[in-house]
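Noted in Swiss-Prot for the protein shown:
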BINDING   GLY358, PRO359, PRO360, GLY361, THR362, GLY363, LYS364, THR365  ATP binding site
COILED    62-221  coiled coil
COMPBIAS  8-19  compositional bias 'Polar residues'
COMPBIAS  29-50  compositional bias 'Basic and acidic residues'
REGION    1-50  region 'Disordered'
Amino acid sequence: MSWLLGRNRQQPQPDQTAGFSEGGGAADPEGRTAGEKSGDSQLSRAERKAMEAYRFDSSALERAADAAKTLERSKHAREALELSKMQEATRQTEYNTKVKEYEAHIEQAKVEQKRIDHEERRKTLIEETKQQQQRAQYQDQLSRKRYEDQLLQQQRVQEENLRKQEESVQRQEAMRRQTIEHEIEMKEKNRLKLLEHELRAKARVDRENRDINLEKIRLKAQEHRTTVLEGIKTAGTVIGAGAEAMLTDWDKVLTAAGGLSLLALGVYTAKGATGVVSRYVEARIGKPTLVGETSRFAFLDALKNPLHYLKRLRAKPTDALQGVVLNPKLEERLRDIAIATKNTRINKGMYRNVLMHGPPGTGKTMFAKKLAEHSGMDFAIMTGGDVAPMGKEGVTAIHKVFDWSHTSRRGLLLFVDEADAFLRKRSSEKISEDLRAALNAFLYRTSEQNPKFMLVLASNTPEQFDYAINDRLDEMVEFTLPGLEERERLLRLYFDKYVLQPAAAGAKRFKLDTFDYGKTCSKMAALCEGMSGREISKLGVSWQAAVYASEDGLLTEKMVLDRCYSAAQQHKQKMAWLSDQERADHKSITGTAAPPLTLTAKKL
């Protein structure tokens, strides 16, 4: 900066360009000579632009010199110098800072490079490990393949050896069979030859003894003829003498006639008495063919199960609705029927006929049995489907059932299940003559009230009954599907019967996990919508099956809910299988339409 401030000034150099100007000619304002101008005129525009880049413009230096002179003459020259020094120091500091930053960036880059190298090395090691594992797996596969090939080869060798052995055995067996066949053939030939020789010898002997044999036959026939004639003569003589003696003695004639009359009377009397006794025994001791189940004493059944009959004789009347879960209004009505039936038996009044209709599995048969036990009556169950196969014997069988019912001293509750099978409408239904005759016999035996038996009919489709059957009914009770509260009560009942009681009894393979039974039953009651009481009871049996099928014999909440969900799905599937006619019948029975074909169920 000293040259700017005027220090250490040197002498001005002589202007060398002047000499060049003088020797080369006058210069133009741009400092170019005439030779240059002439040369430039000969150059192209691109060449001229390239030449202008190497030319020096001294005007900038002149302006800098003028600025330096102005600065030296200024009174603030020292402050400007200090300011320039400070600016220079600041720039130096900034430069050093940038250098440090660059060095830090370089170090960071080195660290990053090392990290990348380590990462690459780690990836390389992982890849090498993977490659080694793949090679090991490949080697293992190869070894397994070789081992399998060896096993296959050994198996083929064994099969080949076995095949050869079987072929050898077959050849030996064939040779043995051929040997045996040859022996049999030779024996047969020998036997035929021997038989031929024997027959020839016998024929030769017969030809030689022909006269002797004919004489024997002639003598034998003559003797037989003489014997037969003598027997006929003797029998005729005896019979003639007896007839002559009887006809001449009237006392013997009367005695013979009386004996024959008594013999005929005894035969026919024994035959009639046997029929009467057999019918009496059948009515008092046995049971009719149509009756499938009864609580009346049967001698043969008592011999088979004596303990069962002793327990039944000692049993006391129970509540008619014990163990039966129904709608409260329906329970109230059934209880009234049970009380009225019991008082009717006590007072020897006339029993009323009852029709119980509704979906299957809603407790109709169970209530009929409970009603008979509560009233102290005997019960008998017959199925309407058993009448049609009997054909012409159906009328006789129905009369036997009612005759048998009249012989009960305690009163009989006759329960006809699936009664619509043979009590159909005679006008619209196409029924056979035998079934029509059986229906007429049933109508004849139920035309009046009876103090000996009570008739209870059960049907899923009561609209198919003949009008005369409806006229003989005094009470019609509809059994509906259980509601939410009834389902929960049923679930609690069967959970106690099939789960809690066996678990409390200490069964070997029956353990119960700890969970909230009441809450679980409430959940299942919501899931079992549309299910009947029978289906819910089968659900209880499925819980036992789940315990017996498990490894540890422990019943958990999950197992209970899974079985319930499966039962609900099966119920929906059964409903989906119904035809259009069955869906209409289902709607008429339950009052609700069957579910759609799609199976959707909310899982607990």
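For all residues, glycine too, the Cβ spot is worked out from N, Cα and C.
Non-local contacts of GLY361 (ATP binding site) by the CB criterion (under 8 A, 6+ apart in sequence, same chain) comprise SER532, GLY533, ARG534, GLU535.
Confidence across the coiled coil (62-221), taken as the mean pLDDT and rounded to a whole number, stands at 88. Neighbour counts were taken as the number of other C-beta atoms within 10 angstroms of each residue's C-beta; across the binding-site residues THR362, THR365, the minimum falls on THR365.
Cβ neighbour counts within 10 Å, taken over all protein chains shown, single out GLY363 as the most crowded of the binding-site residues PRO359, PRO360, GLY363. The ATP site is defined by GLY358, PRO359, PRO360, GLY361, THR362, GLY363, LYS364, THR365, and by the 8 Å test on Cβ atoms against their centroid, the other residues of the chain that qualify are MET356, ALA458, ASN460, PHE479, SER532, GLY533, ARG534.
Around GLY358 (ATP binding site), a 10 Å sphere centred on its CB holds 22 further CB atoms from the protein chains shown. Within 10 Å of the C-beta atom of LYS364 (ATP binding site) sit 22 other C-beta atoms, taking all shown protein chains into account.
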